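Report on the following structure.
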């Protein structure tokens with residue numbers, strides 16, 4: 001069993017923002033597998049998919065980005081999921097829009113959602129997919145990440161969401177190191 005968490009902020013006003021690209025990826029997986037989202041007792045929305053016989057628990061924390069770890073750790077404990085079977089999907093300002101990067105470990109890189117997860121799971125050694133949203137050319141980062149993707153960037157971000165979902169489906173049956181080699 002694997003736990004796949006897409007990071008984002010709950011609520012309609014954040015739905016299509018750069019900061020919610022993690023939610024968009026797990027939504028894509030739920031859509032592909034036609035599975036509903038249900039509210040969990042651990043302050044998140046969960047959906048269960050089955051890929052080649054491997055159960056994957058998709059989760060969208062409802063804690064807001066900066067407290068994502070408060071949802072992830074209890075779900076890991078409840079389902080008895082080991083850290084090597086966890087994968088976190090989130091936005092990355094340091095990658096161009098539409099680029100994805102898979103890693104097995106690393107720092108939070110200034111991402112508050114990842115800081116929270118690292119704090120709660122007590123390690124930096126877990127799988128992740130970083131989805132590029134680029135940095136703003138001007139203005140504050142907070143306004144940028146909480147803004148929607150402009151029309152010109154939508155084809156690139158849709159492609160990145162699809163590619164990320166493909167990589168996650170591969171992770172159901174393939175060691176993450178091999179998935180990294182295929183998608184990086």
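Yeah, the Cβs are placed from backbone N, Cα and C, and that goes for glycine too.
The structure displayed is predicted, hence computed values, not measured ones.
Going by what Swiss-Prot states, the tRNA site holds 14, 64, 66, and the candidate of 43, 80, 112 recorded there is 112. Considering only the recorded positions 9, 19, 91, the residue whose Cα is spatially closest to the Cα of residue 66 (tRNA binding site) is 9.
When the recorded positions 9, 66 are scored by other C-beta atoms within 10 Å, 9 scores highest. Looking at residue 91 (site 'Stabilizes the basic form of H active site to accept a proton') and residue 64 (tRNA binding site), their Cα atoms lie 14 Å from each other. Other than 14, 64, 66, 112, the residues of this chain whose Cβ falls within 8 Å of the Cβ centroid of the tRNA site are, in sequence order, 9, 19, 63, 65, 67, 68, 113.
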